[in-house]
Amino acid sequence: MSASTAFSVVTPASLPAVAVVSLLVYLTSKSTSPFRQPRLRLPTKTSEPLHGKSAKDPFDLSEDTLIYQDGAPIQEERFWRRVVRLKIAYLVTLTLASVCNVLLCINTVQGHGVRGKSLTYIMVIPAHAISLFICAHNIRCRQVASNWAGIIHLSVLTFLQLTVLAILTLLPSTPMPSSSHESLLRTSGQVIQSIPVKTLRALLPLLHIPPMVIISFTRRGPPRHFPLNAIYPAKITTAVPPNDESLDSSIPNVSEEVEATVPEWLIFSYATNVVKKGNVRETMDVWNLPVLPGQMRALPSYQIMKSAYQRATKRLGRLEGFNLLWRLAKANKGPLFAQTLLAAATGAGYYLPHWLLREFLVYLENDTGRSQPAWGWLLAFGLFLSNAVIYVASGVLWSISTTMLQGAIKLQLNGILYAKTLVKKDTAATGESLGHGEKKGEEEGESEKEGGEEEVNSKTQIMTLFTVDVDRVIEFVFHEFSLIDAPIEIVVATLFLYKLLGISALVGLLGTLLSLPLSHLASKVVVDVQENLMKTRDQRTALMNEVLQGIRMLKFMAWERSFEHRIHAIRRKELHWQARNYQIEVLFNILWAVTPVIVTVISLLHFTLVRGQNLSPSIAFTSIAVFGELSYALTVLPETFIQALQGFVSCRRIEKYLSLPEIEPVQATEPEADITVTKATFTWPRDDSNERQGSESGSSVAVTPKTAFMLYDLTLRFPHGKLSLICGRLGSGKSLLLAGLLGEADLLTGEMLCPRSSPDSMSASERKGINEEDWISKDMVAYVPQQAWLQNASIKENILFNSPWNESRYQQVLESCSLISDLKILEDGDETEIGEKGLNLSGGQKARVSLARAVYSRAGTLLLDDVLSAVDAHTAHALLVNCLQGDILRGRTVLLVSHHAALVSPAAAYIVALDNGSVKFSGTREDFVARGLMSELDNEESAQPKVEEVDKAMTKAKPSHKSLASVSGSSQEPDSETSSLAPDDGDTLANSESAEGKQEGKQEGKQERRPRKLVEDEKRATGRIAWSVWQTYFKALGGGFWWIIFALGLAAAMLMPLAGKAWMSYWTGSDPRHPQHSTAFFVIGYAIVSIGGCVVTNIPFAVAYYGSLQASKKLHDAMLQSVLFATLRFHDTTSRGRLLNRFGKDIEGLDSSMVDNFVRSLSYGLYVAVTFVSITYVGGAPFIFAGCVILVIYYRAGSIYGQTSRDMRRLDSITKSPLYSLFGETVSGVAVIRAFGASTVSLKTMLRLADTNILAFVWTWTVNRWLSARFNLLSSAVIGVTAFVVLLSPGVNAAMAGFALAFAGTLSHDLLFMVRRFVQLEQSMVALERIKEYSELNTEAPEFVEPRPPKSWPDQGQISVQDLVIRYAPDLPDVLHGLSFEVAAQQKIGIVGPTGCGKSTLALSFFRFVEATKGRIIIDGIDISHIGLTDLRSRVTIIPQDPMILSGTIRSALDVFDEYEDADIFAALKRVHLLPSDEDEIVDESANKNMFRDLSNPVSEGGDNFSSGEKQLICMARAILRRNRLIFMDEATASIDYETDELISKTIREEFSTSTIVTIAHRIRTIIDFDKVLVMDQGHIAEYENPAVLLRDHQSKFYALCKATGKAEFKILKSMAFESERKSR
């Protein structure tokens, strides 16, 4: 049997086989099976039972069924009627085709029997029958899934029938011209000549066209609309214009994929409207993009992964990473199975065009006169069709890999990581894991490698999991199918080459063995370099995070340059590893490119020289094309393997994090029971997973001071429904006790009975209306941490915190928390937006908003950690009377940690005093006083403040102005008065005129406009990338010499492929009967040209990589300097997550991908130019015209795609920032979220933000696929047209045709990748655009101004403020009104006044964070406006209320730049009483050792392993070491107990006796013995005199403030003031 006969039988024989498989799949599918009845689905919980009890999983969100649906159908009945009509039409038309086929079979069998082609048509009958059955069964279907499955089955079967029958009909009856060797295409005998058979044969494929067209127009489902507020966060939905069509329920807003036809789905036509919209709109917003179908949303993906992964209970050792990969595969088995099948099919199908190319060239070799053109037309059409089918299939394969798998796995990993964060123990990480080890030697690096992977514990490292590691995993998923199709390609290519070259192919393929050791070496070297690169990148990001977190401290201390040098040092190491990465990449690119060339040369050498065969064009060009395809497979395998290793490293890191210990589950408690602790020992949470793992890991985490501290043997009973006070000295364990009661600390021994909020408590409140009587829930808890944690939302939203809205209760809370007066002075009132942790609020305002959140909540139990320290004395009294003792907290259990024992104890039913980890006292106030533990109370019942006195004091000190500047949404530390203001032009939120005079106007204006935004929306550029951005990059790459070298290298690289193909054309076109050169000449020449090409084509990359390293350094340094020296206003209005995005993702893109996209864009552009010149050289004038038309089409499609793709990338970047901010916000505030029971609500918020981000991600890739599908089909047409032109040009021989078709084959690749790479380059330029934006910020005044002040300045500390006027913008009112006062050298001055009176503005003006509008400040005879900021700020010290210390060691926290001896540091620690002052003093440290005795003890990120009081004392010790003559203190002892405070006050008087001190005070006792007190009121100086003098004046405001503290405290204040006055005389 000839090949044609075999083709005529075997190919149709596949039809019934495919049809039977299709039928089996259809019948067994859940959605289409007629045998499966729908079963009632009961809700199941797949989560692990907790402690043997089946409990509802609070993180199971499957109840939200709406999100699983694609949307509400629009005109559903009309759609289904149309589908039924189309299916009936399909049945009729296919029945006609079946009848025709049966008639043809009858005629054929009657004439020739059952053989040959008669058998062919008989085999089509089962396929027809199965198609008709599927259509008939599916005709009345009204389920989208079943309808779509039926359409896919019918489309595949009908297309196969049409294609096979058309080819059989077009197959010529005459043999194909051939030479001595046999072609694969032959005919055997004559085809049936009878008229009826010929007619039926011609009619049969035509009759299949109507059913094919009909099924191609049958849609998947009806158009759908989905409510935006059900999937996107409120911030998005409120920004949608009211008349936008996405809100109209009668207009579809869900992706057209849900209603696509099969052809539209295959070539991504459902993205056409998105592309058009992106081309005409200036910008694309979230609501302009169609909503994704249900299965591509965040919640379904999270639920699938949650079910697949279950819950990690222990470390898995060597299985870590593998287990996660298996769970991911299990969760995505459907797309993975489809990907595997398609990869296998395309892996084999890639060589079909090459086989047809060979047959086409064989035809041209043997029919130079084109005597039998039918074979030429058939083969030319086959070239087009085979390329088109393969490209469509590979497009679907890439779509599965990106939009389906990458998108789903990204959502799944983010979901389970976030859910883990909500239940993981909040362990503190030491500074060593944060990358501050640049001073350490290489030995440590060696030990780190031996010890295994670093721990994932710090907040920055956890953020890296979300931002970097997840991306690395999905990057591997992007290329994962190469592990399937590449081996198949290698096998098929080997068989094909053996058919072409015989044994020579196998000889040449032995050369591939060279790549095996190279691949092994590459895997080791590349992974090592990549890990080092990632480690240094993590270090830089961690240090950058802390620098941005402590930017105010850096500016106050003038440390910008010092930390800039630190970051530069890590950056140099990072670029060193990036350079090593580039070197290895170039080297291995050359080696991997040379390997297939060597294989080709060896094969051709053996074929021509050893075996003496003639190398014809059909063999030569086909072999080179196959070797080219093989080189891709050989190259992609090691690359994919390396990516797999990198992804696996990230999988291990992620799974290690998922295996970390979790907090104990919430247990039910008696609703009315007391809170009891029995023989309990608490310690800060520890990560004992390494201990459980044992010797497997061989490494351990250094124990931090926080983890070492313990509370021993506690037995306490806090009465239900009463106020209890917890007091004690600094570091005695008060916060640890609260953490233990919350379940945030480890309970080592004993028992505890305390209510805890269920993770879904807040979510349950959302689902039901709450009556006033049922408002308080006894099993819910509220928690106010010592360091306020506030969200980036309005004040109102922070107070509500997802609790139900109750207006009367809300107003009551505002009044009880003393927030009414604060809200009056804000232009937007409670709608004023604040940043996370409220950096735009004063310390007192933050504390009261945080308290209001707890008071408003439904919690029956409130745990308050030192909420009174940050507020003024009169405010503390007001909070006690109106809040803690008020109606709002009546009947609720309140545990208050406070140093204000004298103030709170009369109201406390139970008092606990702690001392160094043990209970010093527990009982009633009477017992407390009786034991002499608080003699200052003097048993005075009258110590309670009088409400009228408080009101009077507040009235006298009514605030008039508070400017709010916005802050980073993810800052770690709260800030104080001195860091709360940094306004810029036109951005203040309130004016300085009296509140009474402006109130009505404000109320009216408030209704007319939306609240002012504080944290500015991230700017998004529009249109094409600006030329200035390109110029920035081009200049950064290098100068004129670099560009000359680069241009020469690029030109040489472009000419090498042309030279190789031209040489091959010259070789194969020579007459073998009259050779001009020997075969060895041709082979060696080809080897030289090919191997030289491999080297030369990499020269532009080597040159460009060098330039890229220079550009990366310049651009990063420029942005770093700009950000460090930007105004404080910029940092207050810019989210820290946004800045980290610039220094993380954008810089990473600049380092790694931008230059590659740049070079490849140029390369592919020049390749396309060379290709067109080559093809037109062969085709002549007709092809020049055709080429120009095609170029216009390509340009048009590319420009439309480019605009949309750029905007998608920008939108993707913009939507990432809120997601990353939420990650950071949750990592830092997880204790508060868990305490309130808001974990489930936070998870829902995260999933909504993830839906917003994945929307841009999916549409970016879908638009990419849209372009690829069209370019590939167009390129297939170019190949087909080229073949037709060759057929129409008899003068073109096989060698020239092979030359032209070889270039036409690369054209599809080059044109597509030219556009795609250029668009990727533009997308990379979006990162540069963002970097450039932050490199051109408004900066502060110069660092230095000549002449500089003397080195000893200030040597006296004398201050003169003369007529100082401050305003934030020329068109805004004054904030400070003509202040004038003098401070003599060495005087101690206290500044007091209510919030908003101008204290903070005055303090900031001394550091020139706000510049004087009028007047001046003179320090020791020098006007501070005439000197540089560094000179000013480095000579003046500030000790902030909320201190910031960097991670590392105690020594590095105190001596940041290694300037002092250990003895000096120990002396400073003793001065601030962190160490005993007397070395001979015996201190019992058997329980909890004083960690300050060892300066090498670690400090965790942000100093979280120390209390606020300890951090304040560390900052004071740092100030003692500096010993400046002028010191500002912003309530530097607010978080310190009174006893330590008195000792510190003594230290201040002694250590800073020669310094001038200006203190902003909340505790009047702190400054009562100072030389003078400056009382401020509405931006004016109300009083400025000695405290004793002011106390004698009963009309003074200072007297009113002191009296409002209560009789006992007032008595103490008077005695201290008069005693100080007496001593000073």
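Residue numbering: from 1, along the chain as shown.
Positions of Cβ are set from backbone N, Cα and C atoms, glycine also.
Residues or ranges marked as transmembrane segment in TrEMBL: 6-27 (among others).
The feature region 'Disordered' is assigned by TrEMBL to 35-57 (among others).
Positions annotated as compositional bias 'Basic and acidic residues' by TrEMBL: 48-57 (among others).
Sequence annotations record features per position, and here TrEMBL assigns transmembrane segment to 88-109 (among others). Residues of the same chain lying 6 or more positions beyond the ends of the transmembrane segment (88-109) and with a Cβ under 8 Å from any Cβ of it are 117-118, 121-122, 124-125, 128-129, 131-132, 135-136, 139, 154, 158, 161, 192, 194, 196-197, 200-201, 203-204, 207-208, 210-211, 214-215, 218.
Taken from TrEMBL, the feature transmembrane segment applies to 121-139 (among others). Packing against the transmembrane segment (121-139) from elsewhere in the chain are residues 12-13, 15-16, 18-20, 22-23, 26, 32, 34, 84, 87-88, 90-91, 94-95, 97-98, 101-102, 104-105, 108-109, 114, 146-147, 150, 153-154, 157-158, 160-161, 164-165, 204: each is 6 or more residues past its ends and has a CB under 8 Å from a CB in it.
Beyond the ends of the transmembrane segment (151-171), by six or more residues, the same chain brings 4, 7-8, 11-12, 14-15, 18-19, 22, 25-26, 90, 94, 97, 117, 120, 124, 127-128, 130-131, 134-135, 138, 187, 201-202, 204-205, 208-209, 211-212, 215-216, 218, 220, 261-262, 374, 378, 381, 385 to within a C-beta distance below 8 angstroms of the stretch. Annotation source TrEMBL lists transmembrane segment at 151-171 (among others).
According to TrEMBL, the feature transmembrane segment maps to 336-357 (among others).
Marked as transmembrane segment by TrEMBL: 377-400 (among others). Only residues 6 or more beyond the boundaries of the transmembrane segment (377-400), in the same chain, are considered here, and those with a CB under 8 A from a CB of the stretch are 163, 167, 170-172, 266-268, 335, 338-339, 342-343, 345-346, 349-350, 352-353, 356-357, 359-360, 363, 481, 1261-1262, 1265, 1268-1269, 1272-1273, 1275-1277, 1279-1280, 1283-1284, 1287, 1301, 1308.
As annotated by TrEMBL, region 'Disordered' applies to 431-457 (among others).
Sequence annotations record features per position, and here TrEMBL assigns compositional bias 'Acidic residues' to 443-455.
Marked as domain 'ABC transmembrane type-1' by TrEMBL: 457-646 (among others).
Taken from TrEMBL, the feature transmembrane segment applies to 490-514 (among others).
Long-range contacts of the transmembrane segment (586-607) within the same chain, counting only residues at least 6 positions beyond its ends with a Cβ under 8 Å from a Cβ of the stretch, are 497, 501-505, 507-512, 514-515, 518, 522, 526, 613, 615, 620, 623-624, 627-628, 630-631, 634-635, 638, 1083, 1086-1087, 1090-1091, 1093-1095, 1097-1098, 1101-1102, 1105. The transmembrane segment annotation in TrEMBL covers 586-607 (among others).
Per TrEMBL, domain 'ABC transporter' is recorded for 696-941 (among others).
Residues annotated as region 'Disordered' in TrEMBL: 937-1017 (among others).
Residues annotated as compositional bias 'Polar residues' in TrEMBL: 963-981.
The domain 'ABC transporter' (696-941) shares more Cβ pairs under 8 Å with 1359-1603 than with any other stretch in the list 457-646, 1044-1323, 1359-1603. Of the two recorded stretches, the transmembrane segment (1040-1059) lies close to the transmembrane segment (1080-1106), with three or more CB pairs under 8 Å once pairs fewer than 6 apart in sequence are set aside.
Note on the transmembrane segment (1080-1106): residues 579, 582, 585-586, 589-590, 593-594, 597-598, 600-601, 604-605, 608-609, 615, 1037-1038, 1042, 1045-1046, 1049-1050, 1052-1053, 1056-1057, 1059-1060, 1063-1064, 1067, 1070, 1155-1156, 1158-1159, 1162-1163 of its chain, located 6 or more positions outside it, place their CB under 8 angstroms from a CB of the stretch.
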